[in-house]
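First up is the structure itself, then whatever we jot down about it.
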Amino acid sequence: FLNTLKRSPLYSQKDLGKGPRTCVSAQVGVHELSKLKREMEALRSSSRGLLQSYREEYRDCLSEIVQAVQTAQLHCEALLAAYSAEAGRLEQSLRDVTERWQQELRERRRLQDALAELKGNIRVHCRIRPLLPFDDEAQEPVSPDSSVSGGVVHAVDDETVLVECNRPGHALINKTYTFERVYGPAESQRAVFEDVCPLLTSFLDGYNVCIMAYGQTGSGKSFTMLGPHCQEEPALPSEPRGDTGIVPRAAAELFRLISEDPSRSPEVGVSIVEIYNNDIFDLLAKDGCRAASGAKRQVLPTQQGKTVVCGLTYQSVRSAAQFLTLVGGGLKLRAKQPTAVHAESSRSHLVITVTLATAASRRGPSRRPSTPDRSASAEPCQPGPRSPATGRRQSPPVPLRTRGHGLGRAAPDRLGQVRATLQLVDLAGSECAGVSGVTGPALRETSCINRSLAALSDVLGALAEGRGHIPYRNSRLTHLLQDALGGDAKLQVIVCVSPGQRHMAETLQSLGFGARARQVERGHPAPRKLSASCFQPVPAERRGKRFSL
């Protein structure tokens with residue numbers, strides 16, 4: 001230390017020579033330095049201790065935080081588990097309630113159908129199409145998945161239609177209509193067919209069935225019955241298009257049901273007619289075009305009070321593809337005319353009739369009679385052994401199946417014949433000439449269409465009121481459909497309506513037609529025993545002038 005002090009600038013040889021006073025100053029400096037050194041060491045030691053305590057406190061705090069976070073996580077997980085269990089219980093309870101509600105709804109519909117069948121009521125369904133680009137209200141595109149039509153007609157639920165009658169200068173009035181089933185704009189073609197499908201089973205059981213679409217022009221009747229490309233051959237439901245109509249779906253389902261029972265050997269015949277300007281034309285006649293005189297047919301009464309189309313051509317089919325090929329060929333001959341309302345407006349009523357005949361086996365060694373050629377061209381209708389439905393001689397009568405007998409069985413009556421008909425009707429649309437903008441021949445078509453639909457409404461009104469006289473003969477349409485309207489057939493009407501404001505008058509008229517049809521009580525339908533005489537026309541001397549057309 002003395003050596004260091006000697007080397008310090010504070011210490012020099014000349015300062016040593018100054019005496020004791022200088023040495024004392026140097027000692028004081030050395031003492032101060034030692035004191036500072038000790039203080040530095042103490043400060044360093046205390047800093048180390050303070051840092052160590054801070055580190056320990058930090059670790060303790062961090063540990064507490066981690067423990068608190070873990071506890072919170074465990075608590076959250078417990079809450080989530082409890083909430084998940086509660087949500088699962090509520091979801092299961094909701095599913096159970098929904099399932100019970102659906103069961104109750106199905107049971108209610110079943111009881112309603114049973115009651116309607118016992119009373120003979122006509123089943124009426126209503127379908128609301130979505131707004132389309134040509135509608136005035138379609139300023140913005142409506143999503144096909146939306147349950148709201150976007151216009152003035154709405155499906156409140158599965159059975160109720162609400163119409164907002166909002167006319168300029170009048171107060172808003174809401175009208176409601178109730179039907180067996182209401183389809184909103186988002187309902188698919190498959191949903192519509194699922195409610196129609198049970199009628200095909202009834203058809204195979206021997207019941208006469210009629211399914212018709214009613215509504216104004218452009219309301220979706222042909223789309224519902226035939227599909228989106230009604231001017232083309234309808235596509236089978238198994239093909240990529242999922243919007244096929246009732247006719248192709250019914251064809252596929254009918255032959256599927258037949259193929260499920262190999263013991264069945266039904267003969268399926270198809271006829272297609274159109275009622276154009278109050279005249280009936282056979283679209284399967286081999287004489288070609290609709291306007292040919294040989295293709296025009298007449299409706300005549302039979303000896304049993306039924307009606308038949310004289311000289312109508314039937315084609316035998318063995319598959320849905322053959323069925324739809326015939327339908328496609330008939331649609332090419334159907335009268336169409338573009339109007340201001342619809343570019344492909346149908347100008348005629350289309351009636352597709354499917355006839356199911358099953359020849360029951362006879363007892364004994366006698367041979368089964370040969371099957372007549374259903375595909376032959378029609379002949380003039382004459383009283384006698386010839387059938388007005390085919391123009392060919394009938395096979396000897398075979399026993400008729402009654403209720404409870406399968407297609408492979410026969411009823412005890414040896415004189416009967418198993419026969420049932422399925423009519424698929426695409427009615428022409430009602431329209432206002434001022435709105436559609438038609439002139440000339442198209443104006444006459446509109447007049448004939450409106451008169452025939454008015455006659456149909458009059459028939460339903462007379463049936464609903466129980467009048468003694470039903471005006472079937474006021475129109476070829478009602479005369480042709482007499483057995484379906486007032487007979488024992490199972491009849492289902494699909495009322496198609498447009499949701500737009502400018503179509504409100506026609507929409508209210510269509511809904512009123514459906515409400516009137518629901519009031520008809522015709523008695524309990526049953527499988528019919530149709531003998532050979534049922535299809536023979538009344539002789540001319542018995543018909544008289546009042547039966548002439």
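Each residue, glycine too, has its Cβ placed from N, Cα and C.
Looking at 80-121, 206-247, 500-541, the range tied to coiled coil in TrEMBL is 80-121. Summarising the environment of T217 (ATP binding site), the number of other Cβ atoms within 10 Å of its Cβ, over all protein chains shown, is 24.
For the binding-site residues G215, G218, G220, the greatest number of Cβ atoms within 10 Å around a candidate Cβ is found at G215. Neighbour count (other Cβ atoms within 10 Å of the Cβ, all protein chains): 30 for S222 (ATP binding site). Least crowded of the binding-site residues (Q216, S219, K221), judged by neighbouring Cβ atoms within 10 Å of its own Cβ: Q216.
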